[in-house]
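Peer 1: My questions will all concern the structure given below.
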Amino acid sequence: MFINFGDILGSFAQPSLWIAAAGQNAFDTGAGMSLLLVYATYMDRSVGIVRYSVFIPVINNIVSLYASFTIFSTVFSTLIQTDGTITRSAILNIMQDSGPGSTGLTFTWIPVLFAKVGILGRVLCVLFFLCLTFAGVSSLLATLQACVLVLKEIGVSHRISVAASLITLVVCGIPSAIKLEILENQDNTWGYALIISGLLLAVLVIVYNPMRFRRVIVNSYGADDWPAPLIWVPVIT
């Protein structure tokens, strides 16, 4: 806890940290990308949308926090064992510069962590990156479906919508796959875009009237779900 928070409390005064955190949450939960709207097209009244809206961000952030403890502890313990004279500031600098878009934190230090477990660690490492691959593919499928629904709304057939969306996503992703600096640039750029997109969705609710949205769209429509609390109104406003 001290390593994770105590040495970096000054970072909380940096606006870029809050922007990066908001963009990360907007992507992780699918809120800023309108992915939950895509999933909503397949839901009925029996789906507890309020419960999902609570569980998704809470579980996501708990897992992210636990992962940060694991990776940070691995970096600190490994570097201190390797070089007993290294300072905490130097370790933090290494972590901050560990590859474009912090790719080094995953692709460098996770294998180091599992290597400490021996043969079992190799198996766990393979399973970890396999799960990471499935997580990426599942996010891609949701993004693909969001594009498909937009095209279908303007009259494009399903097959053409899928093909056009898939080809566009692959072509647009090639530069980032080839050069990590482009990936980092796109990550920063679209992190801002996700925040703006999420704000626009909130504006729609504000224009509709948050109290009426809570009463009619959420509480009255949902069946066997938690009621949206009144505190939601000032939060969304």
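Placement of Cβ uses the backbone N, Cα and C atoms for every residue, glycine included.
Quick paste from TrEMBL:
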type: BINDING; residues: Asn60, Ser139; note: Na(+) binding site
type: TRANSMEM; residues: 17-42; note: transmembrane segment
type: TRANSMEM; residues: 54-80; note: transmembrane segment
type: TRANSMEM; residues: 119-148; note: transmembrane segment
type: TRANSMEM; residues: 160-178; note: transmembrane segment
type: TRANSMEM; residues: 190-208; note: transmembrane segment
Peer 1: Are there residues of the same chain, six or more positions away from Ser139 (Na(+) binding site), whose CB falls under 8 angstroms from its CB, and which are they?
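Peer 2: When sequence neighbours closer than 6 are ignored, Ser139 (Na(+) binding site) has nothing within Cβ distance under 8 Å.
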Peer 1: What stretch in 17-42, 54-80, 190-208 has the biggest tally of Cβ pairs under 8 Å against the transmembrane segment (119-148)?
Peer 2: 17-42
Peer 1: Which of 17-42, 54-80, 160-178 has the most Cβ pairs closer than 8 Å to the transmembrane segment (190-208)?
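Peer 2: Per the Cβ count, the answer is 17-42.
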Peer 1: Same chain only, sequence gap of 6 or more: which residues have a CB within under 8 Å of the CB of Asn60 (Na(+) binding site)?
Peer 2: Asn25, Asp28, Thr29
